[in-house]
Amino acid sequence: MALGLAGFVLCLSGLNLILAADHPSYVAAVYEHRVRLNPNPRVPLDRRPALEHMKQNLRVFEEQTVLAAQQGAQIIVFPEDAIHGFNFTRASIAGYLETVPDPQEVTWSPCADPHRFPDTEVLQSLSCMAHKNRLFVVANMPSRQSCNRTADPLCPADGQYQFNTNVVFSDQGVIVARYHKQNLYFEAAFDAPPEWKYVTFTTPFAGLFGVFTCFDILFRDPALTLVKDIGVRQIVYPTAWMNQLPLLAAVQFQRSFSHATGVTLLAANIRAAQYGITGSGIFTPWDSLIHHDMKGDSGKLLVRRVLVLDPAFIGDAAWPTLVPFSGYPKEKLRSEEPDKMHFWPTSSFDADDGVKYCQTDSECEHEATSTSFTSIMMYDNFTLVPLRGSKGNISICSGSVCCHLLFRRSDTLEFYALGVFDGLHVVHGTYYLEVCALVKCTGEHHSSCGEETEHARTPVDFRLTGTFTTRHVFPGILGNGMTLDIPDHSGWERGNRFYMSRTGMSAGLVTAVLYGRHYEKDND
C-alpha cells in the first residue's frame with residue numbers, strides 16, 4: 001500500500017518542497033556489505049564448503065534485513081558479488097551455483113516450498129528474509145542454466161550457462177524477477193546471456209522497477225532501453241564497482257546517472273577497500289543519501305523515504321514529466337525551455353579585469369593552442385588547457401567535441417585544467433566517449449591532470465558547455481572528500497550544446513564533467 005506524506009518536507013539542495021499529503025512514497029534501503037571473501041577463489045570447492053562460505057555473508061544479510069524492516073523499509077537492495085565474492089574461474093565457482101527458475105514460467109517461494117528444486121539453499125535463505133520481514137529483497141548470486149549444444153549452438157562446452165544473476169523476491173518470498181548481467185567486467189566465471197531481455201518487476205507500494213548490474217550502467221542495453229524505451233523511473237542496482245577517479249567513482253556516476261535520466265537509483269556496492277571498492281546510495285533526480293568509505297572496515301545500511309516516480313502508479317498529472325537527458329534545475333521540478341534557462345553571461349564578471357573573452361569555437365580553439373597539452377586520464381589521452389587567473393573564459397576541442405568553460409575562483413594556488421576527449425575507450429571495456437571535464441590536478445605538472453584525488457580546497461563557480469554528437473550526456477559535480485553536487489541548471493541549448501552551471505559550492509571542486517556516451521559508435 002502506498003504511503004502518504006502528511007506535512008513531509010523534502011530538502012532538494014536548498015529548496016524546500018512541501019509535498020502534497022497524498023503524494024505516494026515508500027521507504028527504500030540499500031546495504032553496502034563488507035563481503036567475506038574466499039581466500040583462494042581459483043581453487044574449486046565442493047557444494048558444502050561453498051555453502052558454508054556463502055552462509056557467512058547471508059547471516060549479515062539477515063541481520064540487515066531485520067534492521068531495515070524495523071525502520072519501515074519496503075525494499076532492500078544488496079550488492080553484486082556480496083554472497084560469494086569474486087575472482088573465480090569457470091570451474092572454481094561450480095560449487096556456488098544454483099538454478100534460478102524463470103519467474104515468468106514458474107511461480108515459486110523457496111521459503112514456503114524449499115524442496116521443489118534441489119540445491120537452492122541460498123534462494124531459500126533470501127526468500128525467507130523477504131517473507132519474515134515483509135519486504136522486497138534484491139540480491140545478486142551466481143547461477144547455472146543447463147543447455148543442449150545440439151539445440152543451442154551457443155551452449156558452452158560443459159553443457160551449462162553460468163550467469164551473474166540478480167534475483168528479486170516479493171514481500172511474500174516469491175521470486176518475481178531474474179536478471180542475468182549482460183555486460184560482464186572481466187568475469188571469467190560467467191557467460192553473457194545468449195538472448196538479452198530487459199527485466200522489470202512491479203511492487204504494490206511504488207509500481208514498476210527495472211533491474212541491472214554494475215557495468216551495465218554504461219551501456220545502451222539494458223540501462224538506456226529501460227529508461228528511454230520502457231519508461232522505467234525506478235532502478236535497483238547491485239554493483240561491485242571499483243572507484244576510478246576523477247570521472248568514474250561509484251557514487252559520482254550513480255549520482256550523474258540518476259540526475260541525467262530522471263530516475264530513482266537504489267545502488268548497493270560491496271565494501272572491499274583493498275580493491276578500491278566502496279560507494280552506495282539512494283539517489284533521486286534531485287538529491288541523494290550516500291556512503292563512501294575507503295578506510296572503514298564495516299558495512300553500512302542506508303534507509304530513506306523517497307517519492308514514487310512511476311507515472312502509471314501515481315498518474316501522469318500528479319508529477320512533472322521527467323524527460324531523460326533534458327536537464328533538471330534544482331529550483332524547479334519541470335525543466336524550462338532551453339532558451340529560457342539560466343544563462344551566465346560574460347558580463348557577470350567585471351569588465352575591467354583584463355580577461356579577453358572568446359566568442360566563437362574557432363577563436364577559442366586558436367587561443368587554446370599555445371597552452372594546450374595532453375595527459376592520460378582514465379586510460380584515455382585527453383587534450384587539456386590550464387585555468388589561469390581568478391576568472392576566465394577558455395575552450396578546448398577534439399574531433400567533434402568542443403568544451404567551453406566560464407569560471408570564477410577566489411584562490412589560484414591549486415592547478416586546474418579543462419580537458420576534452422572524443423574517441424573509443426578501449427581499456428577495461430570498449431565504449432565510445434565524448435567528454436568535457438574540469439579537473440583539479442594533483443600537482444603542478446601537466447601529467448598530474450587526470451590522476452586520482454578526492455581532495456580540493458578551491459570552490460569554483462563555473463558554466464561548462466560542450467558540443468556533442470550524442471544526446472546522452474551525464475553531468476556530474478564532485479567536491480572535496482567525495483561530496484556530491486548537482487548543477488544549479490543544466491540542459492540543451494542551440495541544438496547540439498549541453499551545459500551545466502554551478503555557483504556557491506561550499507566544498508572545493510574536484511571534478512565537473514559532462515560525460516557523453518555515444519552508444520552507436522561502440523563498435524567502431
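Heads up, the Cβ atoms here are built off N, Cα and C, so glycines get one too.
TrEMBL entries are annotated by machine, without manual review.
Quantities reported herein were computed from a predicted structural model and do not represent experimental measurements.
Pulled from TrEMBL:
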ACT_SITE  Glu80  active site, proton acceptor
ACT_SITE  Lys181  active site, proton donor
ACT_SITE  Cys214  active site, nucleophile
DOMAIN    39-308  domain 'CN hydrolase'
SIGNAL    1-20  signal peptide
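Overlay of TrEMBL annotations on the structure.
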residue : record                       : Cβ neighbours (10 Å)
Glu80   : active site, proton acceptor : 27
Lys181  : active site, proton donor    : 25
Cys214  : active site, nucleophile     : 25
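Glu80 (active site, proton acceptor) and the residue listed as 'active site, proton donor' are 10 Å apart (CA-CA, integer value). For the residue listed as 'active site, proton acceptor' paired with Cys214 (active site, nucleophile), the C-alpha to C-alpha distance reads 7 Å.
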